[in-house]
Amino acid sequence: MLKMLAPFCALALATSAYAQDLDSKSVADLLPLAKKEAKVTVYAFTSRIGRVEEAFEAAYPGIDMVAFDMSSTEQIARIKSEAAAGVAGADVIYISDAPVVLTELASQNLVTRYVPPRMESLVPEQFKSPLLAQRLSTKVLMYNEEAYPDGSPVKNLWDLTKPEWKGRVIMVDPLQRGDYLDLMTEIVLKSDDMAKAYEAAFGKPIALGEGIDNAGEQFITDLFANDLVLVGSTDDVNKAIGAKGQKNPPIGFTSYSDRRDNEDEGWALQVANDIEPSNGIVFPAFLALNATAANPAAARLAIDFMMGDDSNTGGDGFKPFYVAGDWPTRTDLAQHPDAIPLSDFKSWQIDAAETAKIRANVADFVLALQ
Amino acid sequence: MTVPLRRLRPSLARYGLTAAMALILVVLVAAPLATILIQTLQSGGGAWADVLASRLSQNLFWRPATNTMIIGLAVAGGCVLLGGFLAWLVVMTDVPGRPLIAFMATLPFMIPSFATALAWGSVFRNGRVGGAGGLLEGLGFSVPDWLSWGMVPTIVVLIAHYYALAFTVIAAALSTVNGDLVEAAQMTGASRKRILFGIVLPVVTPAVIAGGSLAFAGAVSNFAAPALLGLPVRMQTLSTRLFGMIEIGQTERGYVLAILLIAISAIFLGIGNRILNSRRSFATISGKGARPRRFTLGTMRLPLALLAWTVCILTTLLPILLLLAASLAPSSLSLFSDWTLHYWIGAADPAFARGQPGIFHHPQLISALTTTLMLGAGVVFAANALGLLIAVALTRQKVPVLSNAVSQLSFLPMLLPGIAFAAAYIALYGAPIGPLPALYGTKLLLGLALTAAMLPFAVQTGRATVAQISGDIDEAARMTGAGFFHRLWAITLPLAARGLAAGLLISFVNVIGDLAITVLLYTPTSPLLAVLSYSYASDGFHQFANAVTLVILVISMLATCAATLLRGRRRQTFA
């Protein structure tokens, strides 16, 4: 009986007054409350959460972090089911897949925003609302630096539609992975830039084909028509592009941060930064609260911890995420020595709300092509 | 009190079991499916129109459906031929190394199909997806796209993966062929061909159909092989399409595709069922009769042995070896260099593998192992007990409509992709129903879903065996006043033991390797091995993922050994 009542108690506790009170509390004030709760559950889309767990438990002995590593898609399915079942599975949600999270979870208040007071002045407004973004990841054009030691063989996205790249552009099927669909969607959203880049590449204004509404759609059509190679996972893309010893390696879209595996895997992945009009997309990873969190204070403490401490690399809480190719949203952390600074990185930052609006249409458009 | 009961008894004996099974199947299978169906209709059925009648339906449904059917039929045919051939060699002939062939021929099903696909790639891949080419390209051959990617490799890989199902079921049936019949035929001078087509084949027809059906259903819902081998040439199947739809958040379209996949497959499998049902009796086990004499292969002995061995090595040893190498090699590009045991037993080292310690240091490995075994055992016994009862109900009680419904329902889970099945279970049983508490996040929910998912295996193997048990014995027992459960326990069970063992094994292996269902339903406090492997893989820690996969494989192999030993002992006591 008590077990069945627990969710309702949690619900009652999480009433807005109590929650607002907690939102403004400092770490010192949260700590005793969190210690009383003694536990915090985290859903995370990366296995790096295992190292966060260790660091958190070392920093706050007596509070047990229970972390579950599952993909954003699974998290979304789980969170929806849990809400329907009236069960609060996780206290903290660490998740990517912004367009779906914002339109299907945040808008229904299944996950809610929390910005640690400490972070108010450190994180720019765009990354604090509607949810707090912890870091930014990428899906960008990468090439093989062993085969092309003088830099990217491509200078313009439209080059990928030219005959010399026929059958040699590779990416994950955008109808299998959400972040690649977001990339396609962004290209459509940035059609004006794409039209300009077309002129730069071909020296004439773009002429749209039948049934095609904008330069972005034209690009996607031409890319598919140029025998674009689709695979099932980012890892397959990395292998295809990055493998050393290739005479004529393909080029394609993958994560900039996967370059950190070059040494372990024997790859020669390098990012193509100087691309007209852009080399791809940058998107956020959110840290959010479960609206009915069973451990509201510990949940806030955990989010605060994962945003990093006051040192210039973010300390142990942020350490697993301080890698080249991922950028913290905090403005005060030191630039990673091996990475291009975000300000010099030529990517589009996705606008999750705008993306969500036309994402399904773009999916249909891609579907009609293959 | 006694009067109505007595009046009830005849009809209970006639319909009771079937009705009870139908009820259980409604709870386990029909209700969750209906939940999905309702979800696709709730929003005005727009998803149905999109899938079936829009500018998208060609790419969303028709082409993937055609590919799926071609793959399903080709794989079913291939599996029956290959599995049947090996089963015949092992059970009916004097081919050398029979026990080992029998053991190895059951293994491919335990090897994840992605490993088999990987094995194909390591030999046949060409430069289409960049990276390093396969073995053949390395030797200077140029491999055409059709051999590297798409339909042909998908079919071959799936046959190599699922023929073990056909083998297991057909071998179990073949070993029940009445030796007296064969001997009589031989003595009257019937040719080998005549015996094969006149006696053996008709007898194993139920098993052939069952094996073919399992292979068909497995092939049409398989995701890994078409995703790895089909995507680079943009070949989509219903399973890759529906996985993608769920992955990009278009769940309703995904569900519609799932329902259509079920519907189409049901039509094909219904034909198989009809054949099985229309032939009244396949009775071959009459409780007496000698074990079949083995054919002497003569000059064909060595060539056939060589063929069998090649098949076994290519479909078992090669994928296992590659899996092992992939769990030891730091780079997935050169699988046979710089081997290290770090991924198995190494301590955390920040400079290596992004600081990830070996799998035996994973804090949840042991609990995942025990949970996997307990759950596996529980589910297997539940599913097979149900499977046997359903098989008995279907063979002994032919109730119009109801029998057919039971038969169809028990097969449906096979066709439903795990992720959709899990979603259906959450949708229905995740929330409290009346006085029943919400099952979300409990092991019971996972156990129920897995039991339902294993029913097709359990029922098919149960049916193939029970169908052969002569009604005479059962009738004789009934006339001497033995009750239903007594007859089941004393007659059906012992006679069906061998077929049941096969069923138990197949479902155990399937449970512990299952990912699609468990990934949504596992209880967060104690993950399963398959989930562990998946979360490693999804973070790019392939060596670790492969190591965990090998742990699963070793458990499966141990189970197979145990089952083989048990079967061997039983055979001796019967002899």
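Cβ from N, Cα, C; glycine included.
Taken from TrEMBL, the feature transmembrane segment applies to B:12-38 (among others).
Residues annotated as domain 'ABC transmembrane type-1' in TrEMBL: B:65-272 (among others).
What TrEMBL records for B:69-91 (among others) is transmembrane segment.
Within the chain carrying the transmembrane segment (B:100-120), a Cβ under 8 angstroms from the stretch's Cβ atoms is held by residues 83, 86-87, 89-90, 153, 156-158, 160-165, 167-168, 171, 222, 224-225, 228-229, 308-309, 312-313, 315-320, 322-323, 326, 505-506, 509, 513, 549, 552-553, 556-557, 560-561, 564, all 6 or more beyond its ends. Annotation comment: TrEMBL describes B:100-120 (among others) as transmembrane segment.
Per TrEMBL, the feature transmembrane segment maps to B:146-174 (among others).
Packing against the transmembrane segment (B:195-220) from elsewhere in the chain are residues 68-69, 71-73, 75-80, 83-84, 88, 92, 158-159, 161-163, 165-170, 172-174, 176-178, 181-182, 185-186, 237-239, 261, 265, 268-269, 272, 275-276, 279, 282, 284, 411, 414-415, 456-457, 460-461, 463-464, 467-468: each is 6 or more residues past its ends and has a CB under 8 Å from a CB in it. The transmembrane segment annotation in TrEMBL covers B:195-220 (among others).
The feature transmembrane segment is assigned by TrEMBL to B:255-276 (among others). Long-range contacts of the transmembrane segment (B:255-276) within its own chain (CB-CB distance under 8 A, at least 6 residues past either end) are made by residues 33, 36-37, 39-40, 47-48, 50-51, 60-61, 64-65, 68-69, 72-73, 205-206, 209-210, 212-213, 216-217, 220-221, 238-239, 241-242, 245, 404, 407-408, 411-412, 415-417, 420, 423, 463, 467.
Feature annotation from TrEMBL assigns transmembrane segment to B:304-329 (among others). With a cut-off of 8 Å between Cβ atoms, the residues of this chain six or more beyond the transmembrane segment (B:304-329) that come close are 82, 85-86, 89, 93, 95-97, 101, 104-105, 107-108, 111, 115-116, 118-119, 122, 160-161, 163, 297, 335-341, 343-344, 542-544, 546-547, 549-550, 553.
Taken from TrEMBL, the feature domain 'ABC transmembrane type-1' covers B:369-563 (among others).
Taking Cβ pairs closer than 8 Å, the transmembrane segment (B:373-394) reaches residues 17-18, 20-21, 24-25, 403, 406-407, 410, 443, 446-447, 450-451, 454-455, 457-459, 461-463, 465-467, 488, 492-493, 496, 500, 503-504, 507-508, 511-512, 528, 555 in its own chain, all 6 or more past its ends. Residues or ranges marked as transmembrane segment by TrEMBL: B:373-394 (among others).
Per TrEMBL, transmembrane segment is recorded for B:406-428 (among others).
Listed as Cβ neighbours of the transmembrane segment (B:440-459) (distance under 8 Å, sequence separation of 6 or more from its ends, same chain) are residues 25, 28-29, 32, 214, 217, 371, 375, 378-380, 382-384, 386-388, 390-391, 394, 407, 410-414, 418, 421-422, 425-426, 429-431, 503, 506-507, 510-511, 514, 517-518, 521-524, 526. Residues annotated as transmembrane segment in TrEMBL: B:440-459 (among others).
The annotation transmembrane segment is assigned in TrEMBL to B:500-523 (among others).
Per TrEMBL, transmembrane segment is recorded for B:543-566 (among others). A Cβ distance under 8 Å defines the sequence-distant neighbours of the transmembrane segment (B:543-566), meaning residues of its chain 6+ beyond its ends; these are 99, 102-103, 106-107, 110-112, 115, 320, 323-324, 326-330, 343-344, 353, 356, 358-359, 365, 369, 372-373, 501-502, 504-505, 508-509, 512-513, 529-530, 532-534, 536-537.
For the transmembrane segment (B:146-174), the most Cβ-contacting stretch among B:12-38, B:69-91, B:406-428 is B:69-91 (pairs under 8 Å). Only residues 6 or more beyond the boundaries of the transmembrane segment (B:12-38), in the same chain, are considered here, and those with a CB under 8 A from a CB of the stretch are 255, 258-259, 262, 386, 389-390, 392-394, 396-397, 399, 402-403, 405-406, 409-410, 412-413, 416, 420-421, 423-425, 427-429, 448, 451-452, 455, 484.
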